[in-house]
């Protein structure tokens, strides 16, 4: 597979970096022992939230960062792979940690994921603990099997369901292995939001400060803002592209359903505040005529939705750097909940994150 | 009889071949550069390609790729003429300011004429919104809101095998609608008069003459005809030489060559669409005249025209579709990758294939124009058809 260096799409305007108020400080990364191929440099913080710059073999990116999902090798942007997907013919297969790492070594992505044992968050009983301990045993096998530690960064995945005790054991054990980065797995599976944010909060508090934290399967823009406030850095989700295929666009006010009859006469762009190619060129009325009928409709909305997510990433990053993260969060929530009905779980999470959203 | 407009379109024949094929230059209102003919109209759905992302359109050869076919019927019940007008017409609505739109109802894939349901009031079509009777006044309302660079009048299109009575009626209606449409012409946009007549030479001639009388360009239908060259010639013989001729429905390479040989300048085609959906990529050599002269044996027995990227033989093929092709797909991706995409049913396969096939087919038209300019068009046709036959003969021989 031929690969070309991707240019950063994260608005690397250096003038933005000059904004470093006195009370913020940069935290240099201590050289990780398990890999020499990535360096993350936290540029600024706001309480638990961090804005960092990650230098990888094929890419330099700024976090918080949303990564589009590249299932089956399509839509690659930042090259992250995991090899959890079943074979394309649908037959079940057993994947060992060694095989998983071997495949990922061949694919050559900058970040590779350890094989973990994931259970549904709705699971109860000893299965959760079994999965968590297995994940720890497997990380050592993954580390041993990894043939390219100088070029590919192996991230471990924290499991433990919704049980804080199990999560704590897992975080401590994985941290001991001193890996280039850590993912928080086993979430984004239908658990209630109140449980979800608490697990993220616990993990981000316990994981090493100088390593990236990747919350897998997240997600909705609101979830990303909350998790970033709690100290997470990276995200992935099928949501933006999947919802595009159903004719929905992501906007600051929430989800816009282009299939709705009212769109047929609406000459405005999908999001008047968005600078993407789709919003600069097409009207809601035109896209309405395409959605669910022509493939181009899905394409245009996917394009916009991904741009929206990357713009959100950029906004999070720079608002932290410029010391106006709470203002950004407030503004974000005001637009999404103009009647002030911010969900309770968000309020609770922001309290723990020490971000004052009282004004909204 | 009103004539539509002054200078929406300029056309001039630059080279006449020994036969009726001609190479010309077409200047259309919205397109900054003149286009060379014979030329291909690219297929669209509601004005945008089926798969090629709009941001990749500039990557196609230009101005070859400037002419886009749109069927007004795509907008029936999805966008009102009112809203289309508010959005400024096609070029404005789609942000395509370097392209020219050619609007006519027939779309070989989605909008096919349903002659049984047509009557004196209008032509019936099967559209994405169902079967619709399109009256001239409604058709013209759409044309006026879309503001295409060129458009064809409404026709009662019938297949070649209908009764003489029905065929004659189709010409009568088409001529009447010709005048209905012209009388409601938009302020800009070149009008092409529709020419029908089925397999009846006399009717074809009559229709062509009526269009000629109104001093507009001719638009013919290329549905499969037994005696196509004779019918085509019957039409083009009775159209003014200095005006462009557009035909809808002659899409395959051999059909295009027949059309060019009869003096036709503009073609729409569903060939690229069908290839793309089938997972095929065009590979036939374009530099026919030189290639065949040097290496006559080299190309015997292989289907030089296209490859089916779904085939397992391409699973590990790390080459581009065509070595040396400068299209986006061949510059960035391999046969193996497209094979993978097809196998996992990813839409990116269609995007990449449409790009390559469009690029390649535009190259075919470029080769036709070069051959005409060098006065080698007949030889070009012979070489092309010979290659196709060679492949079939060899395949039969192997099978036997």
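Every residue gets a Cβ built from N, Cα and C, even glycine.
Under the heading domain 'tRNA-guanine(15) transglycosylase-like', TrEMBL lists B:20-388.
Taking Cβ-Cβ distances under 8 Å and a sequence separation of 6 or more, the neighbours of residue B:325 (Zn(2+) binding site) in its chain are B:356, B:359, B:360. If you look up TrEMBL, you'll see B:325, B:327, B:330, B:356 marked as Zn(2+) binding site.
Sequence-distant contacts of residue B:327 (Zn(2+) binding site), defined as residues of its own chain at least six apart whose C-beta falls under 8 angstroms from its C-beta, comprise B:59, B:60, B:355, B:356, B:359, B:360. In the predicted structure, the domain 'tRNA-guanine(15) transglycosylase-like' (B:20-388) carries a mean pLDDT of 91. Within 10 Å of the C-beta atom of residue B:356 (Zn(2+) binding site) sit 27 other C-beta atoms, taking all shown protein chains into account.
Taken residue by residue with DSSP, residue B:325 (Zn(2+) binding site) is part of neither helix nor strand, so it is coil. Listed in sequence order, the residues of the same chain lying 6 or more apart from residue B:330 (Zn(2+) binding site) and placing their CB within less than 8 Å of its CB are B:320, B:321, B:322, B:356. A helical conformation is recorded for residue B:330 (Zn(2+) binding site) in the three-state DSSP classification. Same-chain neighbours of the Zn(2+) site beyond B:325, B:327, B:330, B:356, judged by a C-beta within 8 angstroms of the site's C-beta center, are, in sequence order, B:320, B:321, B:322, B:326, B:328, B:329, B:331, B:355, B:359, B:360.
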